[in-house]
């Protein structure tokens, strides 16, 4: 069988433009090499800066290592770090705080983002400007955001408490300096800074929804609520799943705001798993234990992610 | 150009070229020769170059024209310290480096990153006072050996707003104690607008001295010592009566490290602090103020009794064990130690000081506008007028953990979230566990 009649279109194109390929196998191989060449920079980056550190972290989790002592100071300790983690009350308290932080923050951000997207999807005055304004916090650095909120939530001189005093609340919360209000304050700031990003993603999904479905629903007599539950929500399910997964990952790893605003305090009120890991590694030089905590955290996030993935199956318009 | 596949040879040539460039680039970073009279030294320190190191290096290079010194500033926080550690470990050419506390230096010593300086220090008559057998102890000693020399020795003191003291008609009694201090702080306070003091002086540290977190054998914590309770109860009482800036304000405004702002804006009248605060008092552009600052001695925990000053014996200079220029590096270390007065303009008091140069040191420390900004005589009296007892810590077991535990619980007490009893019980439990786990 001659190659001219059996080769795939792409390979044929390669062969015909190459002019020196000879048979199909050589042409395919040439195309493959070019393909590899294109992805090599990215692949090298991925291997060097993602996969290798990940594998190293897994290996370090089974050791006792303070970094300063160099590679010769690495001691294999088997599962000791994991055993310690299982019995470490401070870690599990941090896990609880992380679940609270992400458990409130993720749904609040997504619901806020969806509401905002539906509002911005309407034909309202200044819509473009509003889209930019709401997206702005997403592109501002967490340090700048933290600084602004630090001033706003200052318990003595901040405008938030000044406002609360003005309406008769004599003892307003101490916000970030309070053991009770520290974590809710951080959730509020995290929601505020991520809501615009969620709104933009939802907005793009809303604008891609098929109009005929709404027309059909309207003809069937569905009111606005019914149209939302039977058309909009199922159609948005892939977007919702994407946001739920990415937001859960990012919120459970939330670190920048906590480091800048509270350093895990007051007391341990805002010490989440990420900050706990940072403390163990970078303050106490217990990198083996920090890596073990990282692995446990990784498995937890993986389980949550797979839950979201399974949950959305069969519930969407297209799944 | 899909149709023009790259040959294996071409790819190999490109890779070889790239590797060659990388090798050449790496060569450019190398430390240089090993001569004692020529070559290049790399020095890593935490002080901004313009606050003394540049002047020091310029003077050194003038005396050693064959040696070029490159100073790299690292920020002495968690990330900065780790950056230096990994650089030392990873073979970045560093010849001389600074450590600013005992636990950090201890880790570097244990890891073999620091050269043993015992012999060099013993053989240098000017530096012998920092040897392992010197009395009183003036350096950090590890298993009878010396791995650094301290360039700084500075007492802590109380910085006071002279105008506020005068307006309140307050005279500070000689040999004042903590009760006098509290009385003065109360008199200087003005109902939530001015607080007598930024913080309660750490009388537990004045009492316990070196290794104040640990019991005498170093195998448990010291939180059961009455000095801790005395300090915490006093701090709470002063907060309650409004004579000290509330802890929640300090946390909310992030004043824990840089505490000079409230003094220079007139929100507090007194500030217990270290000599480096002078840098900010002299900086009228950044912190404009129209009053003089007076130096007061730390108050005694108990009147008439001797106590420790918690000021640092610090700026520990070490030579990297991997440095190929040990002799040239020692020349630099020795020069720095003998010329530490060049650092005074940056707010650092030299550990070696010719008594005849005290007035000049004070002049350098307080800067050209000293007569306008300071009660100069008070600084000379407080800094040089007393023989202070400086603590030299020797125990490093779980020191970062214990420090973190204390700071966390200290905040909780002063925020009213736990009682002193709860704090001390919790601190003892957590610190003892950390010390035991670290062995």
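Placed from the backbone N, Cα and C atoms, the Cβ positions cover glycine too.
Of the listed segments A:77-98, A:99-120, A:209-230, TrEMBL assigns transmembrane segment to A:99-120. Per TrEMBL, the stretch carrying the note transmembrane segment among A:43-62, A:243-262, A:263-282 is A:43-62. Between the stretches A:132-152, A:153-173, TrEMBL puts its transmembrane segment entry on A:132-152. Scored on C-beta pairs under 8 angstroms, the neighbour of the transmembrane segment (A:99-120) with the top count among A:43-62, A:132-152, A:181-203, A:287-309 is A:181-203. Beyond the ends of the transmembrane segment (A:287-309), by six or more residues, the same chain brings 57-58, 60-67, 77, 81-82, 84-85, 91, 95, 241, 244-245, 248-249, 252-253, 273-274, 276-278, 280-281 to within a C-beta distance below 8 angstroms of the stretch.
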